[in-house]
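Report on the structure given below.
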């Protein structure tokens, strides 16, 4: 059995090597190779000729090239300089060259410019922080059509009472309308990931709900620490009570409010 696995792994590596690129697992590089799925994602995004589109993790540019044909400009954010060079090579000397802007670096640490729409097959390990980076981005974008690991996508769209309903579900749906578009099998990628994937459409709520999201996120963090407990039980936990008392004392200090000597947060 070990010998068979080794041979299979070798065939995959040889196939990728022939194309001159060894994909980096640390960056979650799984290139979407099925043109029908790429076209479907672009169709569902509702791209317009006047749009500025953001793509995160363009890889070798399979989606980028098709997107450039439909929009005014594509801003592609890529951390791997080898793939940046590959992408530049694909558009060099073509009408697409002037329509493509490449941001080199970690998208989570990059200040994103204005964009109308985001379509991307993103690295799965940055899914959660990226979703909230996009949703808190201003000015608002129209929508995002994104490829995620299937279970993560299911959590995004989960409703109260569903087994997968969690902080991610409630926080995302507070800020956006979220719809599951399609499932994508692992064989549509090169190299294939270990998990199945799904495409989700995210449309920010504009105007956003009139709440402080940082405070809301803190509330849901406490509420979902023990998912099957009541809110009352969650807030009575010793660790939670200690945090609440600390925060209250800071609040009183900042607002010059006196705290009674016998004060007890309980």
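Glycine too: its Cβ is placed from the backbone N, Cα and C atoms.
These come from TrEMBL:
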BINDING   30, 32, 57, 78, 106, 121  S-adenosyl-L-methionine binding site
DOMAIN    37-206  domain 'Ribosomal RNA adenine methylase transferase N-terminal'
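Shown here: features listed in TrEMBL, placed on the structure.
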residue	record	Cβ contacts under 8 Å, 6 or more apart
32	S-adenosyl-L-methionine binding site	38, 59, 62, 63, 121, 147, 188, 189
78	S-adenosyl-L-methionine binding site	57, 58, 59, 84, 87, 102, 103, 104
106	S-adenosyl-L-methionine binding site	79
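Its Cβ placed at the centre, residue 57 (S-adenosyl-L-methionine binding site) has 25 other Cβ atoms within 10 Å. When secondary structure is read from DSSP and collapsed to three states, residue 57 (S-adenosyl-L-methionine binding site) falls in the coil class. Of the binding-site residues 30, 121, 121 has the largest number of other Cβ atoms within 10 Å of its own Cβ.
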